[in-house]
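Undergrad: Sharing a structure, written as structure tokens. Questions coming.
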Amino acid sequence: MKANRIWCFFAWRMVVRASFLKEMDSIFVSAIRQNVQHTHSALLAKLKEPPDPDDENSWLCRISKKYDACGSREYSDKGLKGTYCPEDFCCSKTACFYGSCGSWCHDNWALCSSSIIYHDEYSYGKCNCKRFQENCDVNAICVHANREDGGAYCQCKEGYWGDGKSCKIDFCQLQPCGAGTCTRTDEGYKCDCPETHKLIVVEDKETCKAKPDFCAEEPCGPPSMVENCVNTDDSYECVCKQGYEVRNGRCEEIDLCADKPCGPDEGVHECVTERQPKLRYRCTCKAGFDLTTLPDGVSQKCLKNFCYEEPCGTRDLVESCKSKAYGYSCLCAAGAMVQVINGKEKCIKADLCRNDPCGPETAVIQCYSHGTSYRCLCKAGYTEVFVNGKSSCQKGDPCTLNMCGGNEAVQECTTDGTAYGCTCKPGYSIAIKHGQKFCNPEEECASHCGSAAAVKSCEILDSGGYQCTCNPGYVMRYSDYVKGCVEGNQCSLNPCGEQEAVQRCIPEGDTYDCECNPGFVKRVLPDGNFICADPASCVGNPCGSSDAVDACIAGTSTYTCRCKDGYTPQSIGSKLQCLPESTDQTDFDSKHKPEDNKGRYSKGTIALVVVGCVALLGIIAGGISYARNRGGERDDEDLAPPPRSTRERRLSSMGEGFENASWASSVSMIPSAPAPPPSGGIWS
């Protein structure tokens, strides 16, 4: 029995427990459902609530929360005028509560009782559209704010804008600006257009119109010239790359040469505009014009070279010619002077005898020009003497005038009245200056010409240099180690050229001849000597003299000639030369053909020169042979006679007839002046 009671107790307990749990679950689920429903209702209510108006002035009336403003009432810290609702009892915007007592609120202020205070105008649900919507604009509606602190406000109808109490037409609703931005104004609206559009006014109304794409068809030109094309309101603008400029609405090449910056066409061969690495122009000038850099250091111009045609005169008279902007000036060589002829300068041979530098008529037969200086022909009893480089006729014979030098140098001086000879003391040797010999310190000539045994003559030149003539068996050699006359002949110096080109060198007295290997030709060098050269080379100036030749250009199989104005390349046999344009081939061949079958020129030439009414006779090159081609061989490279040898060039017009004077040891005889010819004429 007792066990049954215990079992019943536990059974009952379990039933009660189950019932309690079931009831609790029911309560919990119900609470959750209520909470969800409440939340859902709140969300729906919130979604249905209209938003607050944009403008505070849109409100007609409003339910206040605590501490919110009560209409137009003012607040005083003395508590006389209530403005804020300190507790939760306010039910309208103008409901006022202050203190523990209250009464109806009036326009000003009132004492308060314990009752809730309402403003009669808005209290008890009177804040609604039914009562106040007449305060809205005719183009507005009244809207209830369905929320805890709700109220009523005005809202402009669609197509209008404002605070609801005053509504204006909303022109922006019609999107009058198109792609632009429309902004409402009191007067209407305004448009702000994007860069792709422009603002236009049509019938006093603004709108945005799309700009045409003027650049679509590449009006500025190809991309290689154009940096950018920019559309404007009514057109386009071109931005060109370096080296190009806008012309006629397109990018065109900048032609820096269009304005002829190089100068007039007469002097410009070519003007080229260069665009890389930077924009510039380049000039090449015609013959007779010089490319000149202007003072800005950048610009160039072809300026006329007024010296190109050698207006100052022949080269022997001219030291230099300086071309200027509008003319030239001449600097004449020694023995020449500037003379203005028809307003232009020219160097003419100076009349150095004009002031009778040789002396009085009692002493002088004649004063005559001699190179860039003058010489004196003296009467009997007078001798030509040089003092400080100037010649004059001094009374006395050569020996009494110490022509050989001072006693310290001269062993003996002998004279026959017209010629004199010098015997020098040891340590001195014969030297020549101004055509007159004297005893000079031996080491002076030895240091320039070589030993006394090797040197035939040592001539001191006006320039300060030395001209040496070697004895037979000696040749002149200049090198880093040897200078002067050394033992050997002309061929010992290998003058004919490289070994592969030379078959043999043939010595001929003080000169030589060359025989060349097959494939090489013999040419004449500017100094009159020969050399074996490659026929395609320019060795030996095969094109001719510098007066005619602008350039010789070597090739692989032949050479070519570029000639100066007035000359043209012409073939003479197998040789190409620059010759005057009027040169006849037959005349040229006959003028340059050797007189005998061995290629030798005449051995002696007699020159008759007439000065005023006096005939002057002189032997110019007696006994000198121009033998240059042995065995009768003809060489087309050898058409003109070479210049005179060193010995020939050394002879002056005063001494040529007396070169046979003795030069044995240190004794020599030389005339102080040439004897008058049998015809009674005089020497010049």
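Backbone N, Cα and C define each Cβ position, glycine as well.
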Undergrad: Tell me, from Cys167, Cys191, Cys193, which cysteine Swiss-Prot puts in a disulphide with Cys177.
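TA: Between Cys177 and the options Cys167, Cys191, Cys193, Swiss-Prot records the bond with Cys191.
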Undergrad: Express the distance between the Cα positions of Cys182 (disulfide bond) and Cys191 (disulfide bond) as a whole number of Å.
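TA: On Cα coordinates alone, these residues lie 5 Å apart.
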Undergrad: Cys229 (disulfide bond) to Cys468 (disulfide bond): how many Å between their Cα atoms?
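TA: The separation of the Cα atoms works out to 81 Å.
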Undergrad: Specify the count of other C-beta atoms within 10 Å of the C-beta of Cys182 (disulfide bond).
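TA: I count 21 other Cβ atoms within 10 Å of it.
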Undergrad: Round to a whole number and give the Cα-to-Cα distance in Å for the pair Cys240 (disulfide bond) and Cys220 (disulfide bond).
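TA: Counting only the Cα atoms, the answer is 8 Å.
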Undergrad: How do the residues of the domain 'EGF-like 3' (441-480) split into helix, strand and coil according to DSSP?
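TA: Counts, helix then strand then coil: 8 helix, 17 strand, 15 coil.
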Undergrad: Find the one among the disulfide-bonded residues Cys177, Cys191, Cys220, Cys251 whose C-alpha lies closest to that of Cys458 (disulfide bond).
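TA: Going through Cys177, Cys191, Cys220, Cys251 one by one, the closest to Cys458 (disulfide bond) is Cys251.
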Undergrad: Sequence-remote contacts (6 or more beyond its ends) of the domain 'EGF-like 1' (168-203), Cβ cut-off under 8 Å?
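TA: Sequence-remote neighbours of the domain 'EGF-like 1' (168-203) are 156, 158-162, 209-211, 233.
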Undergrad: Near Cys229 (disulfide bond), how many other Cβ atoms are within 10 Å of its Cβ?
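TA: Here the count is 20.
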Undergrad: List, in sequence order, those disulfide-bonded residues among Cys215, Cys251, Cys445, Cys449, Cys468 whose Cα sits within 10 Å of the Cα of Cys238 (disulfide bond).
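TA: For Cys238 (disulfide bond), the disulfide-bonded residues whose Cα atoms are within 10 Å come to Cys215, Cys251.
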